[in-house]
Amino acid sequence: MLNQKLNPTPSEDLTIDVDLFYETDPCELKLDEMIEAEPEPEMIEGLPASDALTPADRYLELFEHVQSTKLFPDSKTFPDCAPKMDPLDILIRYRKVRRHRDFDLRRFVENHFWLPETLSSEYVSNPENSLKEHIDQLWPILTREPQDHIPWSSLLALPQSYIVPGGRFSETYYWDSYFTMLGLAESGREDLLKCMADNFAWMIENYGHIPNGNRTYYLSRSQPPVFALMVELFEEDGVRGARRYLDHLKMEYAFWMDGAESLALNQAYRHVVRMPDGSLLNRYWDDRDTPRDESWLEDVETAKHSGRPPNEVYRDLRAGAASGWDYSSRWLRDAGRLASIRTTQFIPIDLNAFLYKLESAIANISALKGERDTEALFRQKASDRRAAVNHYLWDDENGCYRDYDWRREEMALFSAASIVPLYVGMANHEQADRLANVVRSRLLTPGGIMATEYETGEQWDKPNGWAPLQWMAIQGFKRYGDDMLGDEIAHNWLKTVNHFYQEHHKLIEKYHISGGTPREGGGGEYPLQDGFGWTNGVVRRLIGLYGEP
């Protein structure tokens, strides 16, 4: 189970000192009930008894030793290693030999683990291939089969084939996959769409939610809930009928709304926040408050410089990863200082728009099945959420949606996340028109739209542009009749990706688009990744709509 712990042998030489100088934020002391507003969530039910341990829990002090000494340049490498024998035997062997004078940690790891495979060279195209041909030829390279799973690895077995993003990401990711699916549909790969539909439904059935990705260390959180959008895509492309997924949609909704009924005003539990007027809105959350397995050392270092209890920082870092925007000024109290992260204190506009879509989808499919009471219930939930979003997250003075800091009771930053309400049909036409003006003046560039207008060094900020944001902006504005802006973003983005492709013969995770010639996007915790799943998916779909750039 997720919370299972073993007692490691004490190890003075592996201790990491953390100097704590706790800061006091007066705004966070305003109400006594806020101090106890977040009871510890119960353990997630329904996880399989075997192979659900994270590498950190399974290898204990060996894991800390490897990560704290930075044995691998990328902290994700060791959690993705697969053991060559029973993990308990490996741990016992480690405890026997680790204090020997000639102990070699690297040799020990290489003798006992299979290292992750690197396939980066395969993402580079034949220069003679068109952009469309390059993407279509990448799908087999990015496909993983169920039989590739090794016992006791952190990789969670899935029943069907799936697409990975590429680079360091050798597993499937929840919200990435939706944007990848757009391209699969355009490429005529209904076979892979069906496989991925079955996989995500299977994860909901077995885990009660769709994890961040199919790794044990991702089970404690999800990602932006886009399964309702996937179901809509399956229906549109004739892959699977929407009716078969009604129960899965309800299960996902229950995961996101767990604990809502028992919340008092100004209280939060897991993903749900009860606002001062009694309305319910959601935030990102992770059930663990330890360093992320895949970014262990980075998280420990960030917590060191935060001036807050480490477990609070770890929770906010994990919640930031659950948002898909890891990381961004959206979650920071002090722009440019990751240690100031407060993800769990923000009500995100994109998350609540996606949940509005989920509520609407449940209502619509229930109507198709003749379940009138369920339809009425979820239409009301969607209506209530839209009203709450308009009350707390719509900035009428500036004509845009913004995240909301529920602790401080004030609006937070404006970002490209504000276009998600348009993508899911949550806004009215006046809001869409006003938002278009703000996006034009603050986010639009000759290369597409930037994630934010703030340059912080984080990857989900200026100057970077990301494929999913372009797609939702293009379709969102066109949905409300602003074809001119939608088309401009589409042409700008296709020009960006094609320019880079013509020079480097590959697609990448993100692009620097704030001015001048488009180039590789930077920032964040890891090097730029090639591949790249959702870039391929969005660009392939846009080529189908607009032709080759």
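Cβ atoms here come from the backbone N, Cα and C positions, even for glycine.
Here is what Swiss-Prot records for this protein:
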| type | residues | note |
| --- | --- | --- |
| BINDING | ARG168, TRP175, ASP176, ASN212, ARG221, SER222, GLN223, ARG292, ASP293, GLU294, GLY324, GLU525 | substrate binding site |
| ACT_SITE | ASP326 | active site, proton donor/acceptor |
| ACT_SITE | GLU509 | active site, proton donor/acceptor |
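This view paints the features noted in Swiss-Prot onto the structure.
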residue : record                             : DSSP class
ARG168  : substrate binding site             : coil
ASP176  : substrate binding site             : helix
ARG221  : substrate binding site             : coil
ASP293  : substrate binding site             : helix
GLY324  : substrate binding site             : coil
GLU509  : active site, proton donor/acceptor : coil
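Taking only the Cα positions, the spacing between ARG221 (substrate binding site) and ASP326 (active site, proton donor/acceptor) is 14 angstrom. Listed in sequence order, the residues of the same chain lying 6 or more apart from ASP293 (substrate binding site) and placing their CB within less than 8 Å of its CB are THR54, PRO55, ALA56, PHE63, PRO79, SER154, TYR217.
Distance between Cα atoms for GLN223 (substrate binding site) and ASP326 (active site, proton donor/acceptor): 11 Å, as a whole number. Among the listed binding-site residues, namely ARG168, ARG221, the Cβ with the most fellow Cβ atoms inside 10 Å is that of ARG221. With every protein chain in view, the residue among the recorded positions GLN223, GLY324, ASP326, GLU509 whose Cβ has the most Cβ partners within 10 Å turns out to be GLU509.
A sphere of 10 angstroms centred on the C-beta of ASP176 (substrate binding site) encloses 26 other C-beta atoms. Cα separation, ARG168 (substrate binding site) to ASP326 (active site, proton donor/acceptor), rounded: 15 Å.
When the alpha carbons of ASP176 (substrate binding site) and GLU509 (active site, proton donor/acceptor) are compared, the span between them is 11 angstrom.
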